[in-house]
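To start, the structure under review is shown below, and the notes come after it.
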Amino acid sequence: MENFFNQFFENIGEDKNREGLKETPKRVQELWKFLYKGYKEDPKVALKSAYFQGVCDEMIVAQNIEFYSTCEHHLLPFFGNISVGYIPKEKIVGISAIAKLIEIYSKRLQIQERLTTQIAETFDEIIEPRGVIVVCEAKHLCMSMQGVQKQNAIIKTSVLRGLFKKDPKTRAEFMQLLKS
């Protein structure tokens, strides 16, 4: 890692021995361990260990769960909120498990579209609800800091499964709950 940073500093014209940079390789290495810890965790295990049999057959919504991730194209952050709605069949998941699922997938090199899909697909596979919807809203620094440099752009993605995909009324109920 130290060789990588020495080469990086040299390529951008920095002095690797400058006081403020001496510990940078170690600090960044620790930061990267945290930012990409999702590779060391199994999202399916996180959900499997946090559900229980339930009797609820109405919509459950976890709204505005904040996340931070890294764009795999430019290695710049993107961040925002994810909302998950589901209609249980037999299993109800602990709310913190939804946040954990989001954290595991977001702590990897990502694109927003895949992040949204992975959350929905894993939730659908493990919890087997009658329907699940995931909506992700994010700001991408790769869009703000370079290229088109649009500071206020927000990208929205959604993935729908089961009743949310088949029934417009169910989808509309979820969207109304997000507004309230």
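Cβ atoms are placed via backbone N, Cα and C, with glycine included.
Of the listed candidates (Cys136, Cys142), Swiss-Prot assigns Cys142 to the same Zn(2+) site as Cys71, His74. In the three-state DSSP scheme, Cys71 (Zn(2+) binding site) falls into the strand class.
For the Zn(2+) site, the Cβ centre of Cys71, His74, Cys142 serves as reference, and the other residues of the chain with Cβ at most 8 Å from it are Thr70, Glu72, His73, Leu75, Leu76, Phe78, His140, Leu141, Met143, Gln146.
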